[in-house]
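Note sheet for the following structure.
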Amino acid sequence: MSIQIFNTLKREKQPFKPLKDGEVKMYVCGPTVYNYIHIGNARPIIVFDTVRRYFTYRGYDVKFVSNFTDVDDKLIRAANELKLTVPEVADRFIGAYFDDVDQLNVAKASVNPRVTENMDEIIQMISTLIEKGYAYESAGDVYFQTKKFKDYGKLSGQELSELQHGARVEYNERKQDELDFTLWKAAKPGEIFWESPFGNGRPGWHIECSALAKKYLGDTIDIHAGGQDLVFPHHEDEIAQSEAATGKTFANYWMHNAFLNIDGEKMSKSLGNFITLHDVLKDNDPNVIRFFMLSVHYRKPITLNDAILEDAKNGLERLMIAYQNIDHRIQTDDGEYVEEAHEDEWLEQLTELKQAFEDDMDDDFNTANAITTFHELAKRANIYLAKETVSINVLREFLSMMRLFAEVLGLKLENTQTDSLDDSEVEALIEERLQARNERNFARADEIRDILKEKNIILEDTAQGTRFRRG
């Protein structure tokens with residue numbers, strides 16, 4: 001099965017066919033760095049990092065570009081409030097961005113271009129649009145002539161006539177038409193600006209991504225991605241600008257993730273439920289946040305609350321405990337083997353699980369199903385560990401496959417928070433020990449007791465069941 005991608009442009013799943021065999025050119029819209037990013041921004045960051053990881057796993061060379069918008073109205077306001085320059089604000093929050101997403105185990109982009117460091121390319125694209133008759137100057141501003149681009153609306157599925165009828169935009173006498181959008185803003189007194197053939201000013205938001213994608217990936221790219229809120233107008237405008245400037249298809253596949261809601265409501269400052277990723281990471285394991293984000297298919301809305309995060313924590317712990325138990329068993333292996341036929345049977349099961357995982361990810365990167373398959377792998381690992389004798393080959397294959405699944409999903413299976421176990425991890429091991437004793441696998445039961453003893457946890461077997469205390 002080839003990788004299938006739901007293409008927003010075509011409104012259906014399509015088999016992925018790269019522009020060049022073995023390569024993927026991918027652009028993801030990055031943040032405007034005037035503050036810490038909110039927790040909803042973390043969803044596309046994690047989702048499309050995982051998409052990239054899977055392409056890499058499948059043997060593709062991925063060039064992954066994600067920009068920083070480091071000048072716009074929000075940055076200018078933040079600079080005034082913080083009594084800093086715009087570059088100082090941008091530097092502060094780009095640093096904060098990397099501090100936060102590094103905790104989420106997000107791989108570094110091939111390039112993270114800043115708008116302000118690529119102004120020549122932006123000005124050149126605007127000049128090209130003017131020369132081709134798609135843009136016009138007006139009192140120091142430059143606007144894109146929307147109606148001249150006949151395919152406008154093809155991504156969002158909106159007709160120009162419908163947009164005209166339903167337009168709710170502030171009247172601007174500088175525009176020839178209310179649907180025209182800004183490519184270049186004339187500088188206001190006291191604002192940061194760049195010199196250009198159109199006068200001093202700075203770029204509009206939409207033109208930035210078009211110019212950066214062209215510079216770093218070329219006229220046509222494989223995949224352009226972002227949150228569903230960017231479909232219109234941002235990505236629609238990007239298509240218009242890029243295709244008008246080059247005469248070529250801008251992107252072959254468009255991917256968009258659904259919103260993250262807080263307790264069922266869309267996050268917004270007006271509702272008072274606006275939460276930054278920075279604050280969430282103060283109280284939560286970033287590994288759990290990543291697991292949570294991947295537990296629902298990226299095109300479905302996802303809800304964040306304490307109960308759901310607790311479920312994610314427990315789900316991740318089950319995987320971590322299975323992994324750590326296998327690793328411990330390998331480290332203490334005494335060379336016992338099962339019959340060869342049984343070994344082959346288990347190895348065949350593992351091959352089937354690997355294929356199931358790939359099928360899940362091939363199906364529009366269905367991480368929710370992939371995690372279900374991951375849990376099935378952990379379940380079978382626990383069953384195998386409960387056997388009196390095991391094959392070191394099978395154990396190593398279990399460990400290797402768990403590492404493989406974790407690498408694709410960007411999850412960490414080692415206990416990164418602390419060397420100790422929390423209560424739920426201890427209880428899971430106690431339950432496994434009870435199962436081993438019921439099956440008269442006393443060697444495994446003693447092994448679990450030893451694992452807990454190493455963590456300074458003492459078990460007490462009573463008539464009411466096994467209790468534990470920390471030594």
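From the backbone N, Cα and C atoms, a Cβ is placed for every residue, glycine too.
Pulled from Swiss-Prot:
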- Cys29, Cys209, His234, Glu238: Zn(2+) binding site (BINDING)
- 31-41: motif ''HIGH' region' (MOTIF)
- 266-270: motif ''KMSKS' region' (MOTIF)
- Lys269: ATP binding site (BINDING)
Cβ contacts of His234 (Zn(2+) binding site) (under 8 Å, same chain, 6 or more positions away):
Cys29, Trp205, His206, Cys209, Gly226
Taking each of the binding-site residues Cys29, Cys209 in turn and counting other Cβ atoms within 10 Å of its Cβ, which one has the fewest?
Cys29
Taking the Cβ of Glu238 (Zn(2+) binding site) as reference, which residues of that chain separated by at least 6 in sequence fall under 8 Å from it?
His206, Cys209, Ser210, Ala213, His224, Phe250
Any idea what DSSP makes of Cys29 (Zn(2+) binding site), helix, strand or coil?
coil
Around the Zn(2+) site (Cys29, Cys209, His234, Glu238), what further same-chain residues have their C-beta within 8 angstroms of the site's C-beta centre?
Trp205, His206, Glu208, Ser210, His224, Gly226, Leu230, His235, Asp237
